[in-house]
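J.: Mind having a look at this structure? Questions to follow.
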Amino acid sequence: MIQQIDYFVIAPPLVLALAAGLVLLLDAFLPARRRAIIAERPGPSLPSRSGTATGLGLVTLAGILVALGFVVAQALGGGSPRSTFCVPPGLAGSGTLCSFVADGFTLVFAGMVLVAAVVIVLMSMTELAGGAIPVGEWYFLLLCTLVGAVTLPASRDLIMLVVALELVSLPVFALTALKRYDGRSSEAAVKLFVVSVVSTAIMLFGVSLLYGIAGSVYLSRLREVFGGQAMDLPAVVTVGVVLVVAGFAFKIAAVPFHSWAADVYQGAPVPVAALLSVISKAAGFAGLILVLVTALSGQAGTWAPIVAILSALTMTAGNLLAMRQRSAVRLLAWSSVAQSGYILAPLAVAATAPGAVGTSMAYLVIYAAMNLGAFAVVMLVSRAATRNELDDYRGLALRRPAAGVTLAFCLVCLAGLPPGLAGLFAKVFVFREIVGGGAGWLAVVMAVNTVIGLYYYAVWTARLFTPAGRPEPSPYRPPLTAWLAVGLALAAAVLFSVAPQLVLDLTSLSASG
Amino acid sequence: MMGWIPVALLAVPLLGALLLLLAPRTFRGVLPAYGLIFSGVTLALSLALLALYDYGGPARMRFELDLPWIPGLGLRLHLGVDGVSLPLIVLTALLTFLCFVYLCWGRARATGGFMSARPRALVFTLLVLEVGMIGTFLALDLLLFFVFFEIVLIPMYFLIGVWGGEGRRAASIKFILYTLLGSVVMLLGLLLVWAQTGTLDIEALTAAHGAGMPRSVQILAFVAIGIGLAVKTPMWPLHTWLPDAHTEAPTVGSVLLAGVLLKMGTYGFARIAIPVLPEGAAAVAPWLGAFAVVGIVYGALACLAQRDLKRMIAYSSVGHMGFVLLGFATLTPVGVNGALFANVAHGLITGLLFFLAGAVKERYHTSEMPALGGGMLATMPRLGSMLTFASIASLGLPGLAGFWGEMLALFGAFQPANGLPRGLFLTYMVIGGLGAVLTAAYFLVMLSRVTHGRPRDSAERHESPDERPIAVSLAPSDVRGYELAAWTPLVILILLFGLWPGLLLSLTTPPVQALLGALS
């Protein structure tokens, strides 16, 4: 039987994959001579090389924008969700079983990932201008990660989910290690690799248990099996559920799988850290939501308390660890762990509160904007001050008002204070959802955590405005791309501050899908 | 109808701030006038509000504007004005304008004062501050109130931290951390109210008089909201940020901090805490009253011990705010009216006092009272008389604005609302009365040290170790024209409200009766 494939539906990942191949080819067909020269004498040939780098960056950017265009076209197309890779009607039995569905949930996640990817590519162009990192490999790996991140929210069977998740993770190890001259980078890559592989193994074991019980890998079929009479199910279901949750907990750096975050973020190039904190994390949440809410909603009695406890522990651990950090990237790493806890919190009541998934996503979208803004400025500063400690930010707002004010705004957003209204409203959404869902204790834990978070965000923000004791380390003129990245993230954060309803409208679409 | 005036009140200073941000270089030469124009237009709008306000009629919101902002949260852009907020809005616009007058022609601009250091940022900060302050008094939505309440913190932080005195860094961080912690607690209280009632609309919540919220929840919410407001007010023992912030802040910062920011805390009690949570208020009122009278006495004793003029005025604010809180704690129309009156009066008088203290500091380069050396009435008769006038107004001389509010607050304590322990409140009244005597004492001590006595001759001053050499070479001059321009409106209003308290009381009485509807 011939399976019909709807190429329009799979266009976004397809375009990204083609762009990845194209980048690799372009890189391969560059004259090898020039590379040899670069290896010997990096200085004089920099212009031509940076020309190549910019070219590859633009190809990548174009690929992402075309994919984004397809996502927008699918969203505007409206109608019922399109799907492909379906089991032919004759074999499916009751209902349709599809592996790839482009509904509201998919489109919101894919759109967010792709917009974040634009910012990250712009940041990459700044990072790669340094000339020490192989450009072709970088963009190829980046695009591969994006293919995974766009496929993952569309996946509706366990196998595709795992494959997509691995597609997100594997290129990131290599991306982390691409700073080959930096030992810390290699260490980070190994650490990431080991933790990731262990968590994948755990998750695969859980998935195999679920498959063994249900006899199907399709999420909709799993939902029927596990949603039915709970009495008939063997106790091993609980083990399967716990193992799957644990696997995803690694991706989102939830406790107890959080310890890799700071070392990896610090060791990796800054754009990769941004990628990890936004795209990789979004993919993890998409997977978690699909498995828990779509497939295992009948088992909420098992996973809801686990998720609630994980959420409370994650936000507390992240905030406490962030308080003592002196390095900007490490602080952002722990802060992003804490933010994971806030995003996770509504999922704890997802079984009883219908809007919970939408709330989590709203927080995730707002978090992506404000975190990318912070990373974009950190990126700028890291070019001039390689140690990138909080003290290097002293007086930033006076030296570079645009960068300083942007970082201040993003930090205030992350803290959740006016005028950073986006962060405040995001937290209020979450508060309302968990109080409404009956998890009052979680709301109290979150409130205490918000106060702890205020401390380190406020201390960093205050540093931006205190006059610097020493002169600027070295005069560095950031390229246009760096400012574009900063501007894009800031524009999103400001937009969400003024009209958070946009995010709510967007994500409520996804919740229904 | 007329809903555009509140919006314009917010939009004009915001527009001014945004223009400065978008076109940084365009206004370089005309910055002082630029600030003057935008704050002037805002003042004119607030006066238009005053003129068009419908004075008769029942207690209800005027100039209302109600637009959805975030339907998903039930958050609405709900603005409105009534007799409680109207005086405060005008006060805010007036004080901001006077600050710009002071800066515009101030000598500070010429001699390396703070107008020369980052003038654009200063004008920007003051305009944003004005947006936050006016917005707080206009907001009729819990979350919107919180947003404006918080927006104020950041410009004030920079005002202290960038243009402040020598210990500005520690003072500004103390200020922001203290108030942030208070705000988070307040936010939790507001969300608790929201979770219980399902609405954020202050008008609806006021009309409901706490219906739908059990007593325990009301108490919890009142305590949470009250802590946030009490930090801002400030109430003893949460006041410790205030003296440092005032001492280090530049003159305009001190004026706005004392004149308006403290009022935001007390306004919150009148607008949100008491009317929305009447049972909680009734349960907590005796405690509130106790903290208030401790604050009165503590503030007065602390003032007696101060050597620094600005620090002394800062502590006097703690005492005066104690009277305001005592008025609220009585939960009677008389007490609350008195509190609101004392609120406005304190804004005028303390604003004037900080202007004067700033002028003294500018001339003597110190505000340490022993270093000032006395005899100001002889050397600078006008400044000395101004200082005497403001001090006497502040200690509550009948016939000046400071008197009525405190008298009414004490009078309210004589006959507190039903259900409150009368004996306790009588004790509060007696202690508060003693505090008023102490207030008179420290102001008179201050005046005897600074304005009276024999001025030191210059040779003697030269030998004084406390004195900086610059004060010797420049003979300080008396009140200048621009200073007079900035201070005269305050003097006139202090006299006006002192002689004709009914002007303000007639405005506040109807809404106060409505706000206390469930209690009285």
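Every residue, even glycine, has its Cβ placed from backbone N, Cα and C.
Note that TrEMBL annotation is computational and uncurated.
Sequence annotations record features per position, and here TrEMBL assigns domain 'NADH:quinone oxidoreductase/Mrp antiporter transmembrane' to A:155-452. Taken from TrEMBL, the feature transmembrane segment covers A:6-30, A:51-73, A:104-123, A:158-178, A:190-213, A:233-260, A:272-296, A:302-322, A:361-381, A:402-426, A:438-459, A:480-503 (among others).
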J.: What residues in the same chain, six or more past the boundaries of the transmembrane segment (A:302-322), come closer than 8 Å to it by Cβ-Cβ distance?
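T.: Beyond its ends, the transmembrane segment (A:302-322) has Cβ neighbours at 237-238, 241-242, 245, 249, 253-256, 258, 262, 292, 296, 331, 334-342, 344-345, 347-351, 439, 442, 445-446, 449, 452-453, 456.
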J.: With CB pairs under 8 Å as the measure, which of the listed stretches A:51-73, A:104-123, A:233-260, A:402-426, A:438-459 comes out on top against the transmembrane segment (A:480-503)?
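T.: Looking at each of A:51-73, A:104-123, A:233-260, A:402-426, A:438-459 in turn, the most contacts to the transmembrane segment (A:480-503) are made by A:402-426.
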J.: Is the transmembrane segment (A:402-426) packed against any residues at least 6 beyond its ends, judged by a Cβ distance under 8 Å, and which are they?
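T.: Same-chain residues near the transmembrane segment (A:402-426) but 6 or more away: 335, 339, 342, 362-363, 366-367, 369-371, 373-374, 376-378, 380-381, 393, 396, 450, 453-454, 457-458, 460-461, 464-465, 483, 486, 489-490, 493-494, 496-498, 500.
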J.: When you look at the transmembrane segment (A:272-296) alongside the transmembrane segment (A:158-178), do they share 3+ Cβ pairs under 8 Å, ignoring any pair fewer than 6 residues apart in sequence?
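T.: Between the transmembrane segment (A:272-296) and the transmembrane segment (A:158-178), which are separate recorded stretches, there is contact, as judged by 3 or more close Cβ pairs.
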J.: Mark yes when the transmembrane segment (A:104-123) and the transmembrane segment (A:272-296) have three or more Cβ pairs under 8 Å (sequence separation 6 or more) and no when they do not.
T.: yes
J.: Counting only CB pairs under 8 A, let me know which of A:51-73, A:104-123, A:233-260, A:361-381 has the most with the transmembrane segment (A:190-213).
T.: A:233-260
